[in-house]
Structures are given as structure tokens and as C-alpha cells.
Amino acid sequence: MSLSLWQQCLARLQDELPATEFSMWIRPLQAELSDNTLALYAPNRFVLDWVRDKYLNNINGLLTSFCGADAPQLRFEVGTKPVTQTPQAAVTSNVAAPAQVAQTQPQRAAPSTRSGWDNVPAPAEPTYRSNVNVKHTFDNFVEGKSNQLARAAARQVADNPGGAYNPLFLYGGTGLGKTHLLHAVGNGIMARKPNAKVVYMHSERFVQDMVKALQNNAIEEFKRYYRSVDALLIDDIQFFANKERSQEEFFHTFNALLEGNQQIILTSDRYPKEINGVEDRLKSRFGWGLTVAIEPPELETRVAILMKKADENDILLPGEVAFFIAKRLRSNVRELEGALNRVIANANFTGRAITIDFVREALRDLLALQEKLVTIDNIQKTVAEYYKIKVADLLSKRRSRSVARPRQMAMALAKELTNHSLPEIGDAFGGRDHTTVLHACRKIEQLREESHDIKEDFSNLIRTLSS
């Protein structure tokens, strides 16, 4: 038995798991095989616990399928694989990158639990403006299925900056928590290393600083400032679009930071390759580390957000009221918090108790607008236009995938975005049974986990219908 056994496991896991999960949890592992024991080394305790909880059965099953009764025992450790005398024994889960990336990516040290972070040079002379908001932490970020991977990735970066997930690219619609996670990472890094030079900014600030440096003949100072930070957190990178000089400077800054194992975190409202007006070489680099989507919060998360926000304001919010608001306002966290602030303000001004009837009155115009915007008819038209088919196709008996999948998507959206029952949704789709609607909803939920394209389609349609 040889260490190629772990490589076989990696190949199978890469085929079986979504790309994001494999990159986030399996790729950072290192392996050592001795005395019929396979030791897997995780970069930190968080990764170790997650892999053991979520993937232990998968890995043991693969070991048994490859080795039968001779399958090695599995052991988990935090840290890096001990150095051995035989170089070829060093086996990690670093699956080969595409050829074009290998040709263009700058050379840098292999990630480890230290990641070169403790060897960062002493602070240079610039005065750093952190701009990190201390109020945004991981503790007050409400986690749900829609943002679980993004939060986990951000947590790992905060614990191990400059490591396997560099750069970290978070994308999703407005008001979903991307900025909160940026600040949470910054706070996490500085809690671990108080003297760390962590800089948060909107992409437009980078552009403004560069323009000012050019005007003042201070471009070298500009370069020194941005290339000597320990972590650079840039929000809304899509605003670099069509700014060629800024993109050129950021390209070189990006390379310099990566070569120094300095952490980069970027956010955008769309997937990197879909950002128009940004050079391909930059978009390619955005995907070198880990790219994670944040989706609109599902119902349970929306309720949790409202309850937590109310608790922070020392407001008693009945569960049924939180559910009522969450069921009707679905687009993003910012909208939810704004609606709750409005309810709280009205309650304070009038001295009335917060009930469903009170909320219905306080949010009357907002709820009316939502109900007007999101109807089954509107969903059908939007989905048909998105997939370039006819509304009549969605209502027909046709079962070809080109029609069936959009129909399932439309049904799932109707369940998510309206208050109609399953039988009512079925009636609106050509008189179908409620079990057909339920199957469609479950199918789309499954495909969102397995298919990046379906996940993107769902997010894009939610964004369109909720805007």
C-alpha cells in the first residue's frame, strides 16, 4: 500500500463533491501513511472538525472500496505533515491547477498553518487606515444555509490569513452580508495579531487614491502603501470596470501581495467571469484561491436575522411576527433590517405592542409593493424570458429538459417568493398536482447544491424578481 492511495481518494472526492466544497475542505488536507494508519493533517481545528463531521464516512468508504479488509485506520491531526526523509512521500491534496494558471501564477510559498504570516516584514513608514468596522464580527453574523460556506471560508481566512484561500472572492446580491464578512475577517485577523496591517476599502477608494498619487507624483508611495499591507479587503470590485489604469495598478499589487503570502479578499455583486469591463487576466486571478457565493437568505435565516436584530435593540419580537415579516420580505438582509427598524420606530412613537396587525399597518406600503411585484404570473414571465422559452411552454405538458427544468425553477420560485399554497401553484402551472410542485421544489434545492449553473440561475432570478 502506498501514499498513492490518498491521491486515488482525492480524485474520487473531487468527482463526487461540488467544486467549492472540495476546494474549501479537502484541498487543504495533507496526508501521511504509516503502520496501516492514514493521518490527515488539517490547517486548523475548524477544518479538522468540519471534515471529520461531514466527510468521515465518505473517506472511510473510499478507503474500504480501494483496500477492502486491509483499509488503513484514519486519524486526524491539526498542523502540517511531519517532514520525512523521502521527498516523494510528501503527499498533499493539492490537485493540479489548469495549465494556463500554472503558466501565469506568480511563484509563492506553499500554504501551511503559518502561511508565512508570522514572517511578514516589520511595519513600513506609511500610516495605515484600517477602516475596519469593529461592530461587524462573526459573532453577530447570522449564519444560514445561504451563507454557510461563505462564513466558514471567511472564518478560516481570519484564522489563517495568506493560506490556502488566497484570494478569497465573495459574490452575491446587494445587502446579503458580503461587507459584514469583510469586516469580520479584518476584526478576526487583528484579534489574532493586533499589529497586523489590515486595510478595508471600497474599490472606488483604491481608484481615488491612485488618481491622487498620480496627480501628486507619489505613485511609488502609493505602491509601497498597498503592497506592504498584511491583508487587503476590497469591496465591490466590479467598480474597477473600464478603469484601465486602475486595473493595471491593481494587477501588479495583486501579484505582489500573493507572492508575499499577504491575504486578499474581494467582493462583487456577480461571479468573477461575469464582471464586464475587467481584464481577463484579473478575472483569472480572482479565481486562484476560493470563490464563494452568498445567496438571498432562506426563510429560517430571515427569521433568525429579525430575532437577533430585535434582541440587539432590546425589543421583544414575537416569533409569529418575525415569521410574518420574513415570509413577505425576501430579497436581502438590508431590507429586512430596514423594515424591522421601521416597525420598532412606529411602536416607540405610538406605544403599541408589536403584533401582526400592527406590522401589517406599519409596513402597509412596503408589503403592498412586494405583493404587486412578485406574483406567479410575473415569475412565469421572468423565467420564460430568462430561459428564452414561452410562458405557454411552462404551462404545457411538454417534458423535455429544456422546458421541464425552467418549469421546476418557476415553481420553486413561486413557493419561495409568494404566499400561495402548493395546490394554488400547481393550478397556475396548467392544473398540476401539488405533489408535482413539491417534487420541483426539492429537485431545484438539490440541483442548487450540485450545479453551479442552477445555483447562479436561481440567484439571478431571485435578484431580478426582488428588485
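Even glycines carry a Cβ here, placed using N, Cα and C.
Keep in mind it's a predicted model, so treat the numbers as computed, not measured.
Under the heading region 'Domain I, interacts with DnaA modulators', Swiss-Prot lists 1-90.
Summarising the annotation, Swiss-Prot assigns region 'Domain II' to 91-130 and lists sequence analysis as the type of evidence. On the 0 to 100 pLDDT scale, the model's mean across the region 'Domain II' (91-130) is 45.
Marked as region 'Disordered' by Swiss-Prot: 98-119.
The DSSP secondary structure for LYS178 (ATP binding site) is helix. Listed in sequence order, ALA150, LEU170, TYR171, GLY172, ASP235, THR267, ILE294 are the same-chain residues at least 6 apart in sequence whose CB falls under 8 Å from the CB of LYS178 (ATP binding site). According to Swiss-Prot, the ATP binding site annotation covers GLY175, GLY177, LYS178, THR179.
The region 'Domain IV, binds dsDNA' annotation in Swiss-Prot covers 348-467, and the record cites sequence analysis as its basis.
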Cβ within 8 angstroms of the Cβ centroid of GLY175, GLY177, LYS178, THR179: which residues besides those meet this for the ATP site?
GLY172, THR174, LEU176, HIS180, LEU181, THR267, ILE294, ASN332, VAL333, ARG334
